[in-house]
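This report concerns only the one structure given below.
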Amino acid sequence: MKLSLILSIALCSTRVVYAAGAEAPRISRNTVKLHSYNESRVCRHDESSNQTVSHAAMFTFNFQDGDGYRVYQVPRCLFNTHAAREVLSSVDMTETLESYRKRFRVYFVVPIYGAYRLVARSPTAKYPGGVLNPPPASSVTMQDLIVDATNIHTVVPDKLCVITEHPVIFSMKVPCSHQVITWTGYTVTVSLAQKFFVLTIKPTRDHTSENTLAMFFGDVREVDLKAPYTVGAFLLRQTPDHDLLVVVKQTAFIQRYMFLTDVVFLQRTLSADYADTSVCLRVLSVLASVVARGKQCGLITRDTVEFFFTYSLCQLMANGTRYQSTAPVSTALWRQSELELFGEFIRHCFKTTTPNPTPAFQTRMQLTEKHKPAHSSNAIDVRVLAATYSSGMHAASMADLAFLLRSTRIPPNVNTDALLQKLLFTTDAYYRMSLKIPLSGSMRRILIRVDLTVRTQLNESSVARRHFVLLTSMCSPREQISWGELLMNPQRGAPSEIYSPCVSGGRRDYTGPSVRALMESAHRPERRAEQVMSVTEALRPKRSQMSDEANCVPDSTQGAVITANEKTYLISSDFIVKGLAIPVSNTVVDRNLMITVLDRRSPCVLSRSYRERGSVIVMNNITFTERCEFCASTLVEYDEVDGLTSIMHIPSIEVLKYLTDPENDILVATPRVHYLLLTANGTVFEVTDILVNVRPSMPYSVVVALVIIAILMALGLYRLCRQKR
């Protein structure tokens, strides 16, 4: 009876109540005009009658009330509509009252005593930007860019999100984009519609929906709930603009999601001005910091749920942003690159088996009209063309563009060197500065984009290999110490902010004991070492994602990789892969050091025995000229007891002079410390005396003059000898 009353009230009343916005004009509450009949008829609702009533055009319900009847009527024509059939097919008309009551207890209902809160904007909720700010505006505007970036964040719905036969929610079909994040333990799904998103969290091994948490946020008026539930039953949070509904079974709530009733749940996110994408990204960075520092990668906790919620929210807010054609490109490129960087953070932190969940801009980018080829058959390499227009950009914006156009499985598969070549000057400058001072936040912001751009290019691009060896060289003991200090700052957590070249994948020789010893020697708390290793293991790429010649080496194997133009050096404690093995003899017992020389693009073959063996060529000193014959070589410092310590690339004569200057105190002259010079052609030298004499080469004109003088002297001596005969 109760269900019949609900249906009659809903269908015979013309007053429509919205969650927000204007009301429909008021008409008499209990009348519905039927235009499908010749004469006007009205349905009777809650009227008294002294006899039962029936009508061919109506469903009529007569309930005895004393000596009379209460009459309720529903027009038959309303049940012929698609909406009515959808409603009736979703409702069990034969359900008993007892079953109805039990069903109400199946799902978690938000308690009145404190979990539900209206979250207001907090003027004191300030999130310092740090490097999470757009770079300085450049002279390049949206209309100058070769690709249309005015809607750079907009993701066109390519799927239909469907909810059918749900115990709580009426059937719903909404155009959306669908992002799946899967790792050992859980599957997280972000379904992004135009006005709201749905975040679902489900244990991977659970093939039912018993433990699934669903969070609807945004303008959720399209979500209709079945009786006995109302919107208020699942309304966990409200802001002035949006609502949050949570749908989860009571047993799952008790076992897994009790944090939903925490008063501070989502407070940091919803109290900020999250409609501003830049602010949303800063909040997300703080949550990423909590997850990474708290060793919560791969877990489902209150902090990780807040992180995934805010990640979804930032995408929803950015999705509706449109930039003016005259606006500088800096803000748009920075925001999109940050969104995709957070996707990389998720992929590495949670060790997902799915790719970067952020929809890549390059999958939907289109050339602007003025850059489209005259004929469709003319292929245009976007990266080459982008490099020609990047001269007016700040280096940070150029790094954003290079990262957004990074090579993936999306054609073209080979990233040209155009943008990377322009960024090489910046990477080289930062490397030279890192020899003197710690890396700054703005440097790290650019270097992470360079790192993620070159990782997949180590097989094809010589420029990418030069970037990689510079990043490897920046991972020094000084960097480990300064990075440890940075990781202790709770306000820094975005991938851009906590990046270190030590997670680029070049140096895997740093271990827990070695980092602890380093921190102890620098008088740093032991917790610094634990933090450094925790973040390193969480964010460092797998070897399988690197260059071909060393991608089969297990990730657990310690060692360093140094890339030259046509050679790759693998430094480890033992022989691991097939290649030219060069043992290093100057180590103590039980401290082995092996250098394996590999050809670029050669297949990686695991092997514990070597057939090719080389040797280290010992040189008392090496003399360089201004032509820098050994430039593009790498100087490796190792300790007889502690093993590999520093890697220093030599890109230019200026760097060589700085490294060998005694006043800079970089090269150490002790009996335990040795230096190896790894050249570009695969030869390994040991410099025993740490003596490198840099002297200018003779000018060409002087050489020619000396040669002429020598010839004349020889000719004079020849004639003199003939005369004496």
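Including glycine, each Cβ sits where the backbone N, Cα and C put it.
So that you can see what the record holds, here are the features copied from Swiss-Prot:
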- Asn38: N-linked glycosylation site (CARBOHYD)
- Asn50: N-linked glycosylation site (CARBOHYD)
- Asn319: N-linked glycosylation site (CARBOHYD)
- Asn459: N-linked glycosylation site (CARBOHYD)
- Asn621: N-linked glycosylation site (CARBOHYD)
- Asn681: N-linked glycosylation site (CARBOHYD)
- 184-247: region 'Interaction with gL' (REGION)
- 1-19: signal peptide (SIGNAL)
- 20-700: topological domain 'Virion surface' (TOPO_DOM)
- 701-721: transmembrane segment (TRANSMEM)
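On the structure: features taken from Swiss-Prot.
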residue: Asn50; record: N-linked glycosylation site; contacts (Cβ under 8 Å, 6+ apart): Asp67, Gly68, Tyr69
residue: Asn319; record: N-linked glycosylation site; contacts (Cβ under 8 Å, 6+ apart): His153, Thr154, Val155, Leu192, Gln194
residue: Asn459; record: N-linked glycosylation site; contacts (Cβ under 8 Å, 6+ apart): Ser547, Asp548, Arg600, Arg601
residue: Asn681; record: N-linked glycosylation site; contacts (Cβ under 8 Å, 6+ apart): Ala564, Glu566, Lys567
Per DSSP, the region 'Interaction with gL' (184-247) contains 4 helix, 31 strand, 29 coil
In three-state DSSP terms, Asn319 (N-linked glycosylation site) is classed as helix
Simplified DSSP label at Asn459 (N-linked glycosylation site) comes out coil
